[in-house]
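> Got these off TrEMBL a minute ago, pasting:
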| type | residues | note |
| --- | --- | --- |
| DOMAIN | 23-497 | domain 'Major facilitator superfamily (MFS) profile' |
| TRANSMEM | 21-45 | transmembrane segment |
| TRANSMEM | 65-85 | transmembrane segment |
| TRANSMEM | 97-116 | transmembrane segment |
| TRANSMEM | 122-141 | transmembrane segment |
| TRANSMEM | 162-187 | transmembrane segment |
| TRANSMEM | 207-225 | transmembrane segment |
| TRANSMEM | 290-311 | transmembrane segment |
| TRANSMEM | 331-356 | transmembrane segment |
| TRANSMEM | 368-386 | transmembrane segment |
| TRANSMEM | 398-421 | transmembrane segment |
| TRANSMEM | 433-455 | transmembrane segment |
| TRANSMEM | 475-493 | transmembrane segment |
Amino acid sequence: MARGLKVLSALDSAKTQYYHFKAIIIAGMGLFSDSYDLFSITLITKMLGRIYYSNSHEIRQVNPIVVSALVSVALLGTAIGQLVFGRLGDLKGRRHVYGMALLLMLVSSLASGFSICTTKRACVLLSLAFFRFFLGLGIGGDYPLSSTIMSEFANKRTRGSFIAAVFSMQGFGILASATVTMVICSIFRRASKPASVYDVPPEADVAWRLILMIGSVPAALTYYWRMMMPETARYTALVEQNVLQAAKDMEKVLDVAMSQIAEEDPLPPTNNAVYPLLSREFLRRHGRDLFACSTNWFLLDIVFYSQVLFQSEIYKRYLKHKDKQDVYQEAFYLARIQAILAVCSTIPGYFFTVYFIDRIGRVKIQMIGFFFMAVSFFAIGFPYYSHWTNGDNQDNKGFMVLYGLAFFFANFGPNTTTFIVPAELFPARFRSTCHGISGAVGKVGAIIGSVGFLWASHKEKEEGYPEGIGMKKSLIILGGVCIVGMFVTYFFTKETMGRSLEENEVEQSHHAEEYNNL
């Protein structure tokens, strides 16, 4: 039935038009806010260390345990949000749950800036962690719903580019967090004029809160438009089995006449729940795809979120010592490096994916990305102590080039494709659920990458961190993780380029029937 519906055929063959771009902006602004909030915490913790840990004679940083907790609690909330909102998106509909996730993200982002107390360190950090958990829930809900909604509105010829364009908003969110931090720090520094590098004006406690709260603005601007979006035709027709309503909704947003998409004869209802989510039949039909999506996302996030390993080395090479910078300067110069990396590495990687994904396919891009990430990590890791940390190479630009390449190919590679593929492989009634499961497994990898490797990478006790395996071994392991991702992609990941979403389900059903006939 699904493949014969006129409304679905019209969606697959529709020309690119205004509503497609509008949907990209509406869905993309959620991911813009996601990355703004998740990546701004690195900048904020530098200011928190000055405000709540330092004194008039010594500059300190936030306790490593606290930093790990602030990062982990948001990622844990994201994982839970992906599971909960992903499942609700299939049970209650994409549109209604979409608004709930955005509203939770908006309120939590504002609340993070209003973290209670201004003088008691424990009180401030605990309340910040509390609100960041709920922020993570909203961010987690946005992932499966944005990807699923865009995939179900898009035509099959340019679907990959549309979803990649939505995801590319993350790059602009990273750039925005850096830009806002630089602007606010510049304004506050001119207004308060710190007397010395040890002087922390009271206004600095307002500055970091303002940086966090501004992250809610894009979400607030798009909330109305999200609530005005119709339910996707695929959900209405295939899950709710209301083909007429699906046709009416599409007539409102796409340039297509009702006569072209309405069915001439009423269609009999079908048994849409032939097999439930937690069943052997589901695993037989979709288990391999779910394994591939979840494993690739897990491996990618271990590597992608391990970028914190590089930060200390970048600080040593390209930033002045903290004893020569005041509270605003330290955050400003760190944000400037983040902005440069976003412009030169992160955003171009997303744009390459938008252009090439419907030309060379998801699988090839994912394998290329994993391969060159591995090359970059090995090139940095093997000679790390003998070359990169050698005094003669402190100003060597090769380190930054390799660092930039690693994350260029993350974005022109698995960071984008792991977001796209789960929204294309699964049938409508499981689509956002399976995307949420894949993403939640990925966030477990993110915690390992951002916290586990951060603690393991220290060769000796320093700055509150215990002795670990060192940077060389950590980087080589990360390169090995990329190689594993390349093999998992090659052996388990299916290509979805140029195919209707319904074609994947038909193919899986065919394979399942062959299996049952053996």
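Note: Cβ is positioned from N, Cα and C throughout, glycine not excepted.
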> Against the transmembrane segment (398-421), which of these stretches has the most C-beta pairs under 8 Å: 21-45, 97-116, 122-141, 290-311, 433-455?
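When the Cβ pairs under 8 Å are tallied, 290-311 comes out ahead.
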> Find the member of 97-116, 122-141, 331-356, 368-386 that has more C-beta pairs under 8 Å to the transmembrane segment (65-85) than any other listed stretch.
122-141
> Which of 21-45, 162-187, 290-311, 331-356, 433-455 shares the most C-beta pairs under 8 angstroms with the transmembrane segment (97-116)?
21-45
> Please report, as numbers and ranges, the same-chain residues at least 6 past the borders of the transmembrane segment (162-187) whose CB is under 8 Å from any CB of it.
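For the transmembrane segment (162-187), the list is 20, 23-24, 27-29, 31-37, 39-40, 43, 146-147, 150-151, 153-154, 207, 210-211, 214-215, 218, 328-329, 331-332, 335-336, 338-339, 342-343, 346-347, 349-351, 353-354, 357, 411, 416, 419-420, 423.
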> What residues in the same chain, six or more past the boundaries of the transmembrane segment (368-386), come closer than 8 Å to it by Cβ-Cβ distance?
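Distant contacts of the transmembrane segment (368-386): 299-300, 303, 399, 402-403, 405-406, 409-415, 417, 470-476, 478-480, 482-483, 485-486, 489.
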> Taking the transmembrane segment (290-311) as reference, which of 207-225, 331-356, 475-493 has the most Cβ pairs under 8 angstroms?
475-493
